[in-house]
Amino acid sequence: MVIMEGFKIAMKVIDEIDKKIKPLIGWEKADEVVKIGADGTPTKRIDVIAENMAINILEKFSGGILISEEIGLKVVGDELEYIFILDPIDGTYNALKSIPIYSTSIAVAKIKGEDKKLIRENINNIDWIKSFIANKYTINDLYVGIVKNLATGDLYYAIKGEGSFLEKDGEKIKIETKNIKDLKEASVGLFVYGLSNDLLEFLKERKVRRVRLFGSMALEMCYVVSGALDAYINVNENSRLCDIAGAYVICREGNAIVTNKNGKPLNMKLHLMERTSLIVSNKYLHKKLIALFGNRWIIKPVKFGIVVREDKEEAINLAIEICKYLKDKNIPFCVEDFLRERVGGDKFDISAISHIIAIGGDGTILRASRLVNGETIPIIAVNMGKVGFLAEFCKDEVFEIIDKVIYGEYEIEKRSKLSCKIIKDNRVIKTPSALNEMVVITKNPAKILEFDVYVNDTLVENVRADGIIVSTPTGSTAYSLSAGGPIVEPNVDCFIISPICPFKLSSRPLVISASNRIKLKLKLEKPALLVIDGSVEYEINKDDELIFEKSDSYAYFVKGQSFYNKLSRCLGIK
C-alpha cells in the first residue's frame, strides 16, 4: 500500500510538470539563466518553473524530503513519509530548441520509521538533514522510478520487484534488456563531454554497429531497457544522482547491469553532489565494455607475481616483507625461483597472475614488462633504484597500494608500446615490443652510422650520427632525454625520433604521431645493433630496413602520483 501510494504521488508530479511545461516550449524567457542551482550549474527559468510545480504537488498530497538539482534539499509537506529524487527537466537544451528528446524523472524511497523522529527533531537544520540522509540512504533504497519523455509522451516506470514498463500510444509493455552479445551488433548511447583517449579510440575504430548521442541521460538509460539502445556509457565521473535516480530503478528492474566504468555496483549516497561514471547494458555486453573503458582488473581475482632486483639486498628484503604481508591476508602470490626458498609461494606463472609487483629500478620494471609479454597484467612499480622514472610508488607506499588493489580502489594507466620489424635479405623478423625505446647504435665504439629516415615512406632526413633512438612517450625520460629529446607526457599518442651525437647541427629530435610508420635504412657498410629497452639485441647491416609502428599491445601500470610530481622528484626539483 505504501509503495503504491509513493508511486501515485510521483505520477502526480510527472503529470503536473508534463501539463504545465509544454506551453513553455519556445517561450523566449524559458531560456534565461535565473540563478546558479544548488548543484553549482546554471539554472534556466524553465527548470525553476518545473521544480516549483513538483514542490506544490508534494506539499499538497504528501510530505518528506525533496532532493533536486535546483533547490538542493527541501523538507516538503507535513508528513515525513518519502524521499523524492527529482530532475525537473533532463535535456533542457533539447527542450528549449524543440528537439523532442527531453524528460522529467523522479525516484522514491521510503523514510524508515525510526528515522522520522530524528529528522523531525532537527527539522530546521537542513545541513544536519543532508548529512543524515546521505549517511543512511543510498540509491539502492529507491523503490519507484519514473521517467517521461515530455515531447512524445512515452512513459517509463518501475516498482521494485514488479519489473519495468513502457506506456506508449496507449499500450502498456513490459520491458527488459535484449540479449545481444556481440559489440559489433550493438547500438550504444554515449555521453561524450570530456572525451578520453579510450572513448576517442572506441569511436575511431567503430567497435560497435552504431553510436547515438541524444542529450538526455535518463531517457538514454531507459532506451537500454526498452531495446532502442543496447548500452549507455558515460566514462566521466559526472553522472549526477538526480540525473540517473529514476532511470536507475527502471534499469535495475529491467535486468540491466548498471555500474561505474570499473564494473563496481552503484552505491551512491542520496546526496545532491554524488557523482559517478556509468556503464549500462545487458550482462553479455557489460564485461566487454568494462574491458574497453574501465579497470577490468577490479572484478578479477587477485594473485600477485613478485619481480625483484636480484642483486639488491634492500629490494629483496622488501619483497620478503610483502610476501609475509600477503600470507597474513591469505592473498595468493608467486615468486621467481631464487626467492621461493626464502618466502614460499607458488612458482612464477604469468598465466596465473592478476598483478605484478616490480621492486627495483627502471631496469626491473622493464624486465617485468617483458615478462608480461603482451598480456593485460598491471604492474605495481616500486622504486628501489636511483632515479625511477617508471616507478609509481616508493617503498613506504607499497602496503597501502597493495590494500587498494585488493579492495579495488585504484586506477590503471595504459602506456603505448613500440613494435619493430627488421627486413633483412627479403626476410621479415618481428622483434619484441618496447616500453621505453628502440636504439640503433654502432656495434664498434667511435664509429659513425648513416641512416635514411622515412615517415610513411616519405624521406624526412639523412642522418649521420652515433646512433638513433625511436622512443615512446614513456621512454622520453630515458635514453632519449639524455640525447637531447623532449620530455613528453605518457598519455600523448606520439613517438620521438632522437639522433645520438649527430654530425649535422640541423639533425634535431622529431616528435611524430603514433599513427605514422617510421622506417630507418642503414646506409654504411658498418655493423650496428638494434637494442630494445636496453636488453634485447639484434644485429643490423647495410641496406637492412627497420619498420617502427605503434604496437597492438600496451603496458598497464597501477597509477600512483601524477606525472609532473614524479618528474619534479626525478629531476631533483623537489
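Backbone N, Cα and C atoms are what each Cβ position is placed from, and that goes for glycine too.
Quick caveat, the model's predicted, so the values are computed rather than measured.
Asp362 (active site, proton acceptor) has a Cβ environment of 24 other Cβ atoms inside 10 Å. Here Swiss-Prot flags Asp362 as active site, proton acceptor.
The feature Mg(2+) 2 binding site is assigned by Swiss-Prot to Asp87, Asp90, Asp243. Around the Cβ of Asp90 (Mg(2+) 2 binding site), the same chain contributes Tyr102, Ser103, Thr104, Ser105, Val147, Ser216, Met217, Ala218, Leu219, Asp243, each under 8 angstroms and 6 or more positions distant in sequence.
As annotated by Swiss-Prot, region 'NADP phosphatase' applies to 1-297, with the evidence given as a curator's inference.
Mean predicted confidence for the region 'NAD kinase' (302-574): the pLDDT average there is 89. What Swiss-Prot lists as region 'NAD kinase' is 302-574, and the listing cites a curator's inference.
The binding-site residues Asp87, Asp243 differ in how many other CB atoms lie within 10 Å of their CB, and the one with the most is Asp87.
Shown in sequence order, Glu69, Ile89, Gly91, Ser103, Ser105, Ser216, Met217, Ala218, Arg240, Cys242, Ile244, Gly246 are the same-chain residues outside Asp87, Asp90, Asp243 whose Cβ sits within 8 Å of the Cβ centre of the Mg(2+) 2 site.
Across the fold, the C-alpha of Asp87 (Mg(2+) 2 binding site) and the C-alpha of Asp362 (active site, proton acceptor) stand 51 Å from each other.
Annotation note: Asp87 (Mg(2+) 2 binding site) sits in a strand segment as assigned by DSSP.
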